[in-house]
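According to Swiss-Prot, the features are:
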DOMAIN    24-102  domain 'RRM 1'
REGION    105-139  region 'Disordered'
REGION    151-191  region 'Disordered'
COMPBIAS  165-178  compositional bias 'Basic and acidic residues'
COMPBIAS  179-191  compositional bias 'Acidic residues'
DOMAIN    221-299  domain 'RRM 2'
DOMAIN    417-489  domain 'RRM 3'
REGION    617-637  region 'Disordered'
COMPBIAS  619-636  compositional bias 'Basic and acidic residues'
DOMAIN    640-723  domain 'RRM 5'
REGION    740-769  region 'Disordered'
């Protein structure tokens, strides 16, 4: 059952403010007193235009003839208000509908108003008492004088008390005199005396005192939110609270029996000040039609009352197993595990090098020592080529399983139910992977390629996926440590999962047929061999909603029609989808038919857009695609030069040549080196290289195959090289030559000026191949 605070319900009944600001919560006034909740809810959903609205909360008070209704967002509430306001839809009188406004923030004056009035009353009371007591003292003094008897002679006790009272009065007068500010000296000016006077009157400013709840928030940076709608997701809640600061974690508990949300959430902020600001601003405000109740959140279980021997590193409590380990290593391990869910820490297709070598060696029927023979001198290249082979097999398997490979990019939104399992040791079976993740929740999909080096696990519930991610991140499996990463959104082509385990043969054939059909559709249609040259028209100004089938249907009635297509490009926001480029081509069997169609189609409207038609130039189509949509393989130009970044400094020219020559013939290879030699006397490489292939196809093949490959543990970053980059390298080389030559010159200052224009070439820089 939904837990609601008694104080929150009473506050909502007591205060019913309305306003002009659009909110997701409405108040209905002047309702019939005989209206029941079921009839009220059915009436709200009865209009056809309001059937799609989502009601998150209803509270009807028939005796007072008003009701509160909450909706998913302000747009839905606006539609309902416009429909029911001023109508007689519920029977009885005219109904008034308005937005419920948030409770105004309490100011300091309102908070202290009661305290100030209380102090004022107490002060007035003390003054009255003193006024009442003063006449009594005078009366006693008058009566003692009028007795005519010496008080000291009549009563020794009275004389003693009188003497003590005199001393006490003198001491009080002396104290009052000492408390008075000293008179200004003669030589002091009026401004100095005024400053001393004001400082004495004002005193020290009082520091604001924090409540216990605020102190708890500042210590934990955590908030507990309740009274949420059941449709609330972690994304929507994080988006609502993230306006006040970065949120590291958003946890929405669900019922263990039904799997339904409980209407509560825990929010972990990165900064404690941001959490306190969100607590003050969003408590008792409206979100998705319900009044939020924000409370301070306690620390996570396991972080409270940490033992004295276990420290806290970056907010993470180190357990007993961290005792005795190095301080630096413990910090690194704790921070890495804590930040594992915040971003992408590894390449999407990262694989264990030992598992790759074992997989390839097992297929070849040899041992790993024979594969990675130290005497051969190219073990790193062999391992990189083996990793490339395994990655190609893995990509092919994932394509057959319905995974969009274009979605495996580092900067894309991450799914809350899909987990990439990396660094798996060789020999791990799909059953062992299922047994590892199944205890944390219901699985809908488990994929493991034949090489067994990378897996994909999908949960039915995002809460189970988050629990498994926290429990299994950096956990040891066999002789390796698991690296987990949240899968990208839109990773699978279809929402329906094929189930746990490998896909069936029938499903595999269906996926292959579907993939083949999509591949055929993506290929440019070739005109009939009998078509004459110059019989293709270029259509410009197409509507971006116009598709190829629709264009074919419209133009197929033209005599001599051969083919028609709309030029498409990949959608960067939705992997696997395509966008129209706004132009297309239509082919005819003869040039005469194309000429007639040119005259007929000029200015013709398709989907509300007027066409611009002209003859297409043979061979110019690819150039036009390259300029507007970009070449999927070659970037902006059909270049044959590749820039390789993130090369390890230990890599030699021989290693790079052997690695890339497996995919094409290299025309040239340049591996720039640093001008200043190292302590050993050798010139270290600068971490990048330029490669030139004989053809663009070979260069594209190498880039596609090696873009996920690691060489000596470093991920190779491949880009198309521009001519300007090589010119910059040459200019930098000449600049370094001039600097060194200027440093070596002796004599006066004029002769030691640096020559940035370069001079006679020498071999000191080692940049030439």
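Cβ coordinates are placed from backbone N, Cα and C, and glycine is handled just like the others.
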PLDDT averaged over the residues of the domain 'RRM 2' (221-299):
87
Please work out the helix, strand and coil residue numbers for the domain 'RRM 2' (221-299) from the DSSP assignment.
22 helix, 25 strand, 32 coil
With DSSP as the reference, give the number of residues of the domain 'RRM 5' (640-723) in helix, strand and coil.
23 helix, 26 strand, 35 coil
